[in-house]
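Beneath this line is the structure, given in structure tokens, with notes to follow.
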Amino acid sequence: MNGYEVVTCIGKGSSGAVFLARSSKIKKLVAIKKIEINESRRSRSRRAVIHEANILRTLDNYHIVKCYEWYLDIQGSHMNMVLEYCNGGTLQDRIQSALKSQSTFDTTTILVWTTQITSAVKYIHERRILHRDLKSENVFLVKNDDIVKLGDFGISKEIDHTLDKASTCVGTPCYLSPELCQDIPYSFKSDIWALGCLVFEMCALAPAFDAANLISLFYKIVNGKYAELPESCPAELKALVAEILNKNPDARPTAEQLLNLPILQQFSDRIRTKTPEMTTEG
């Protein structure tokens, strides 16, 4: 892989696979996301994939998984993105572990992670970039540190149509906003709604919206009927979830407004500013 020694495959999805690899020059572990190019799909065409990869290369924020470089394979059939490797797994992994051990996240951990994720969302929104696929599976952790990073920007996602968005969420339409369920185009406030679903999930270890079928799910989402949070959940967290999961997008706060709330502002010093560099181990 163009100067990288593959260690193992660490994930597979509808658009490709992710490999743990080591640079043969600098001996640093990285994650290489291999994305299939498909000219029959607008969002996976060579031009579209290269355009999005170039945008991701410009993102320089500690709480966003860094894209170091990208290259096409010899056949030109796949794009390979060299990404920062986060050794702590995903937030989804951590939630599943908590469920198995019948434990919960403490309030401080939830608020620190929420502050860091929100700071990443604020950063991309200021650059007129939508994440489009914010969910626990796309939040990555750094082991032995209270650090989360936003990744997997849905480089091959179509967002023109609600049902297309639902089908490309790989079984996670529960993060869709009321606007998307009503076929209103994706917006920055749709990212904020998904953030609210994430906060709920950290509090309850379960999705905010769940139903037996898509129609019932959309009904709950459009009417803002999210599940009840556990009685043990602090009132301040319940209030935060209620504020973010406002079914009216105009009344929903922006990422900047969220960071200015006292409940998150108290953890502003936990937002890191140093960007991960592609340096040698040692």
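The backbone N, Cα and C atoms fix where each Cβ goes, and this holds for glycine too.
Annotation comment: TrEMBL describes LYS34 as ATP binding site. The secondary structure of LYS34 (ATP binding site), as reduced to three states from DSSP, is extended strand. Contacts of LYS34 (ATP binding site) defined by a Cβ separation under 8 A and a same-chain sequence distance of 6+ are given as GLY16, ALA17, VAL18, PHE19, ASP73, HIS78, MET79, ASN80, in order along the sequence.
Taken from TrEMBL, the feature domain 'Protein kinase' applies to 4-264.
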